[in-house]
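Here the structure comes first, spelled out in structure tokens, and everything after it is commentary.
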Amino acid sequence: MELIVIIITLAFCILLYGTRWRAALDPREPRLISPTVPLIGHILGIATDGFGYFSKLNDKYGLPAFSLQMPLSRLYVITSSELVPAIQRQSQNIRFDTFEFTLAAERVGGVSGPGLKLLKGSIVDELQHAMHHALIGHGLDAMNLSMIEAIKPSIDELQSQKQAAFDLFAWCKRSITMASTDSVYGPMNPFRSIEVERAFWDFASNMNMIILNVLPFLTARKSLDDRRKVVDALTEYYNLGGHENSSEMTYGRWEVQYNKGITTQDIARMEIVNAIGVLSNTAPSTFWTLFEIYSRPSLLRDLRQELVASAVYTHPGTDGGIVRTIDLSAVRAKCSLLLGTFQEVLRMRSNAIVTRMVHEDTILNERVLFKKGSVIVIPARCVNREKSVWGETGDSFDAYRYLGQGKSGTSRSGRNVTRVAFQSFGTAPNICPGRHFASGEILAVVAMVILRFDMEPVLGEWIPPKANVKTLASSIQTPAGEFMVTLRERKEFKDDKWDFRVTEGDSKFPLLVG
């Protein structure tokens, strides 16, 4: 959700703070980078390259922080982890604002009028509390159990492919959507409808004009229609009482809003924002993890050996055959290479942007001034690859760099990796609350797929598909098109049956967070 918020913040900071930036740059502020095209150059850069534009500027200038002058406003872009702890310590002056929450509700969900007024004040904290509480302990355990039951049939169906080519990313989207939404929304899950699922993904991939509010009734008519279809389905879901037999998270969010007098339709509109957070990162993360593993035969071999040795338990089935069970608790506790591979995917493929508003003039590390009314952005793509932290291989994928990591993290070369140099889940105190659920789902899929199947790209080479740099919904790079593959069942496990095992109370993953 935070990636959506930064887009909205960029769109509205001009209106909110524009007149304050006509003054000259204070010499203590980060260096001002002038656009190649006066006034609109930076806007054109973001429109063309997405948030990769910040990375391009970082590569060109190599500054720990810099300022961008928009037509009427200024942004501070932080590219070095050195400044992140100082920002965290100034959480009273530099913070994630509640107004950004209401802007997301208005632009993404379409909440308006009285409903928008109700989404202010204490309700923001209450909704966040409901989500955080539901995504740890019993609530997380229940969602994990439901997710496992829903994801296994999708993996079993891959056996029927029999070397027929299929789009790997489309499969990830469909499988993750069904498993995630079944666990979140329960038996009456509205996303089981193919029409609703398709409308959601079409909307999530084409929100630009809606968020920027550029005559959306003309420029984004299809996106508005897609949103309406999802809102109608969610409204019916609540009217029929689907939330009464759903996850603790879904019921908790509904209860907070219902008790505040928010209408069912506006609750449904707010749920679109939540659904984007649930789905838009998990599917591409699953795709890239499978891609990076299968494109590296030696890594694939090592991961298979690790899983078989540490997390797969074999026992006879009722029909006399063999059942192989993957224990997800063992994956968390014993499969450090698989966790490292996943973490490296997040490090290298992150499109996340941390955003903060500055409420008072603030000097960081006794030398850098951030002025009141400014917007701070921290692109994970820059911080996650910082060579002063990650070493000269910071721009390269290395799944082995986390082996033997300590509390802060130590790379294979012994280099200390501080948590603030990993921004894929955001930065404290606003860390992604759903990271443990998403991680469990992704690693369950990846573990079973790589153990059961060999996979080859139709084109013969593992050439990374182009990323859709303009998608606003995902904090992970999303493939811009199809990626066709074929697979076959591994001979050593042919005709074996597979299952998962989940241990309640043991659902948190030891991943780096900022």
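Each Cβ is built from the backbone N, Cα and C atoms, and glycine gets one as well.
The heme binding site feature in Swiss-Prot is assigned to C432; the stated evidence is similarity to another entry.
N144 (N-linked glycosylation site) falls within a helical segment according to DSSP. Summarising the annotation, Swiss-Prot assigns N-linked glycosylation site to N144 (among others).
According to Swiss-Prot, the N-linked glycosylation site annotation covers N245 (among others). Here the Cβ of N245 (N-linked glycosylation site) has 12 other Cβ atoms within 10 Å, regardless of which shown protein chain they belong to.
Taken from Swiss-Prot, the feature N-linked glycosylation site applies to N416 (among others).
Marked as transmembrane segment by Swiss-Prot on the basis of sequence analysis: 2-24.
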Just to verify a number: CA distance, C432 (heme binding site) to N144 (N-linked glycosylation site), in angstrom, no decimals.
17
For N245 (N-linked glycosylation site) and N144 (N-linked glycosylation site), what Cα-Cα distance in Å is obtained after rounding to a whole number?
16
Should C432 (heme binding site) be counted as helix, strand, or coil on the basis of DSSP?
coil
Taking the recorded positions one at a time (N144, C432), which has its Cβ surrounded by the most other Cβ atoms within 10 Å?
N144
